[in-house]
Each structure stands twice: as structure tokens, then as C-alpha cells.
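Summarising the annotation, Swiss-Prot assigns domain 'BURP' to 415-626. The feature N-linked glycosylation site is assigned by Swiss-Prot to N119, N175, N251, N366, N384, N530. Positions annotated as signal peptide by Swiss-Prot, on the basis of sequence analysis: 1-25.
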Amino acid sequence: MASPPHLPLLLLLLVVVCNAAGGDGARVNPFTAKAAFIRYWNRRVPNNRPHPAFFVAKLSPLQAADAASFAAALPRLLPPLCARAALLCPSASDTETAASLAVGGGGGGGPFKGYSNANFTNYGSGGVGGADGFSAYSPDLNVVGDSFRRYGRDSTRRVDTFASYEAEGNVVTANFTSYAGAATGGSGSFSAYAADTNVPDSTFTNYDAEANGRRREFTSYSQEANHGSNTFAGYGKNGNGLRETFTTYGNDSNVIASGFTNYGESGNGATDTFTAYGKEGNVPDNTFRSYGAGGNAGVDTFKGYRSESNVGDDSFASYAKGANGNAAEFQNYGGSFNPGTVTFKGYGEGSNPNHHIGFKEYAGSNNSFKGYAKSGVDFKEYHNTSSADAATTMSLEAVSSGHQHLKWSPEPGKFFRETELVSGNTMPMPDIKDKMPPRAFLPRDIAKKIPFKPNAVSEVFGVPLDTAMGKAVTSTVAECERAPSRGETKRCATSAEDIVDFAVEMLGNDIVVRSTASTAGSGGQIRLGNVTGVDGGKVTRSVSCHQSLFPYLVYYCHSVPKVRVYEADIMAADSDQKINHGVAICHLDTSDWSPTHGAFIALGGKPGEVEVCHWIFEGDMTWTVAD
């Protein structure tokens, strides 16, 4: 009996696609978006090279039928698309928890040990005596949008604690409004707000406002956060007899824009201590407006503003302005390791001379200090040095105190010289782990139906532009629309097909893509085994692609001239065990790089004077002409 006319073709298709994912050894269903892309790759890059597992793992998991139906019905079918296509979409609200809390609100219903991704109104309001405890609110979630309104308002002699709010989240939008407002007596603590978050957008409004006789401690706000913005408005405003401590705000953070407004404003008989703001931050943009303004008979202490930070832009406006009978002390402002632009406006100003204020140290470069009371203010030290002098002084201080490597500075091994890429060399390996939330590519048929504009993405994915995710979308689009640097050719790829097209356009169709095989060895010492230069170690051109934060995978790809690419076996530092296979790229022309680039901080030298090498991190990739 003769075979149906299309059967041989179908069998051939099955054989081709099942062998197509050669890099990971997995068989691919031919009726999937993944298989469709592999067929596309084979047409565009017909060199029969294996498809690397790291790239195949990023492909859409959608079935072909799903890909077709979703492409025709966005945004109506968004929820099932998010689930089936492995996208980064806003987390669904915990409606069951929200309902149970609504029943138990208004002074009871606690303590609560866990709460995830819902809006909360009135916790412990009007409570008398006893204690409230809240252990964890939305920990370790992706694309969180939470609001918490009124905690312990109008309570009396109540002890309340809040242990953790939005810790370790990805793309977190957190809004906390009113904590212990108008409360009398009692005490409380807030231990951690948005700690270890990635791309946060956090707001805290009114902490102990109009409270009476309270003792309060806020331990940590946005500690070790990465790339985002935070605001805190109103701490102890109009309070009476408050003893308040704020321990850390934005310390050890990376590229964070933060604002703190009104600390202890118009307080009576308050004892306030703020221990550290923006310490060891990297490229911070900090604004602090109003500390102890209009206070009466208060004792205010501020210890440390942007100490040991790296560049950035900071301003502090108004300290103890218009205060009466205050004793205020400010210790250490602007003592940065690498100076940024720092301004301080208004210290102890006002018509009432009945105060005593001490300022122990104001240091750094590009600083300005404007407006302070002509009497009752004692300055211990004021330094306005050049950038070079300040950097030298801070470097010597760091060495003498044993701090060879500050948290903000480039991680050991993040940048290195080409001469270090030799077999047998022992060197530090940076943390190359992918910090982005997991996502997959959208099939091109779906991606091209979503205009690459913030408003369109917001509408399709239900992401308000004033949230952390919305701001990330806006930032990604803006970076993609930015004009390229001199010698750079760039493109933002919204699908896997787009990446292949750009690489072929730049390098031809006989190409390969590489990335470091795993994260083994990250953050420790390694030894290099066999080191091989790609294309014989010749100076070449590559296409490097870096992830951008978006609901689906979007890559910023750019063609980089004058590079050498290396592959290296990565061995355990103390044995002959191979633990990884690394890919490194050396940029030979750095003349257009910024003088403040972390590479020059780590290696010395200036733009154009030294080459800079780095590993290809997990999640990123580099394309070159095939050997």
C-alpha cells in the first residue's frame, strides 16, 4: 500500500526538528513555537552547528496552536498567555487572604505570619494594650503591586512590630501609608522594608505622625536594593515626646534614586536619631528634605549621609530649620570614596537663636553648603577638596582601616586585563548569576503585534506606568531609542528571530553564539585551564546581547568593534577539577568609555589607555564569526 503523499515529508520534518536542539540533547516537539524558531535558525545560519542549550532554554514553550490563537486575541487572553508562555506579568491578588483580613481588621485579627500580594487597609486601628505582629508581607515575589494603609492608627499602649515588607522581591511596587498615626504610648519596630529587592519602586508615607509618647525604631529601608526608586515622607511629624530611631536607609544599594521628606517636623520634645543614609551606595541619587524643622526642645542626631559612596548626586535641604531649644548634631556628610555632586542647604536656620547645633564633618568634592544659622552652630570640619585629592584621601583611609574593597566598588574579577587570560592563572571570579526574573521569548508573530511603546505594553500587560514594572518598561524603551555611541550599531530584539537577524546582518551567516556555561565558581577563586582565542585570537567584531527588564525577553544587542573573544576552562582553585567553561570578551578600544566606568576604578588607567576584559554573564551572550 502506498504511503500518503505528505507522509515522507512529515517524517523528515520530525527527524530534522528532533535533532535540531543538539546543544541540550532534548527532543523538540515539531508542533511548537520552539521548533518553528529552530527551523528559522537553520535557514538563516546554515552551518549545521549545534544550538546551544542556554539559548534553546529561552525559547517560547507555547504550542503552535496557542501561539496562533494568542497572537489574534491580545490583550483579552493575557492571563493564560502569561501562564503558558513563561512571561513576567503582575502577580494575581491573594483575594482569599484579603477577604479574611477585611473581616478581622480594625484592632484585631492578628498576628499575621504571612501575607502576599494584596491590598491591606486598617490593621490594629484603635487597639488598646496588647500587641500586634506582622511577620512577612509579600516576600520573594515577582512584579508585586501592594498597598498597606493604616497600621495601628489611634492605638493606645500597644506594642506593634512589622518584621518584613516586600523583601527579596523582583520589580516591586510597594506603598505603605500611615504607621501608628495618632497613637499614644506603647512601642514598635519596623525591621525591614523592601530589603534585597531588584528594581523597586517603594513609598512609605507617615510613620508615627501626630503620635504621643511613643518609642519607635525603623531598622532598615531598601537595604541592598538594585536599580529603582524609593521615597519616605513623614517620620514622626507633629509628634509629642517621641523617641525615634531610623537605622539604615538605602545602604549598600546600587543605582537607586531615593527621597526622604520631613523627619520629625514640628515635633515636641522629640529624641530622634538617624544612623545611616545611603552608606556605601553606588551611583546614588539621594534627596533628603527637612529634618527636625520647627521642632521644640528636641534632641536630633544624624550620623552619616552617603559615607563611602561612589559618585552620584545628593542633596540635603533643611536641617533643624526654625527649631526652638533644639540640640542637634550632624556627623559626617559627603565622606564619599569617589566624590559625586553634593549640596547641603539650610542648617539650623530660623529666627530663634535658642538652640545649639554641632556639625562634625562635611567632606568631598563638588560640594556646596548654603545657609546656616550664624549663631549657635559649631562646625568641626569642612572640606571641599578636588576630586583627585578626595579620592586619594578616601583610598588611603580605606586601606588603613582594612577596607580594601568597599561594597559599591567593582567586584573583584568583574574586570581584568588580557594578560590574565593565561592557563594556570588564579583569579577571582565575580558573581555572574543572572539577577533578572525568569522569562521566555515571545514568538515573533505575537511580539510584532505589541507596539514597542510604554503605553502599548502597559495596556496589553496591565502594568501601570507608575509602578516599578511600568517604569522598567519605560526605561527599556528609552534605552532602545537612544542614539548609538560612536562606532556602535545597536538594536533591541523583541524575539529570538530578531537576535539571529541582527547577528547575521552584522557578521554574516556563518556564526556561533556563546555564553559562560554555568555559574560554577561565581564569587570565589578559580584557576584557568586551557585558554583559546576565538578565530585564532584575531581582533574581530562581535555582537553582544544583554537582557533588558520587560514582561517578555527583550535583548539589547550591539555590534562591538575591535574585540578579542576567548574561551577558557575554569578549574577549581585548589585542584585539577574542571567546574565551568567560560567565555570572556576583551574590549581593545575603550577611548569612548566614561572616565568613571567601574573598569578604570578596578584596573586603573584612563579611557583609551587600557583594554578591558570581562566574562559573559549568565543570561547574556556574544556572537562571533565561526572558527
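Yeah, the Cβs are placed from backbone N, Cα and C, and that goes for glycine too.
Describe the structural surroundings of these features, if you would.
Secondary structure at N175 (N-linked glycosylation site), taken from DSSP and collapsed to helix, strand or coil, is strand.
N530 (N-linked glycosylation site): 11 other CB atoms within 10 A of its CB, across all protein chains.
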Provide the number of Cβ atoms within 10 Å of the Cβ of N175 (N-linked glycosylation site), excluding the reference atom itself.
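For N175 (N-linked glycosylation site), the count of other Cβ atoms within 10 Å is 17.
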What's the CA-CA gap between N530 (N-linked glycosylation site) and N175 (N-linked glycosylation site) in angstrom, rounded?
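Approximately 52 Å lies between the Cα of N530 (N-linked glycosylation site) and that of N175 (N-linked glycosylation site).
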Is N530 (N-linked glycosylation site) helix, strand or coil when read with DSSP?
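Reduced to three states, the DSSP call for N530 (N-linked glycosylation site) is strand.
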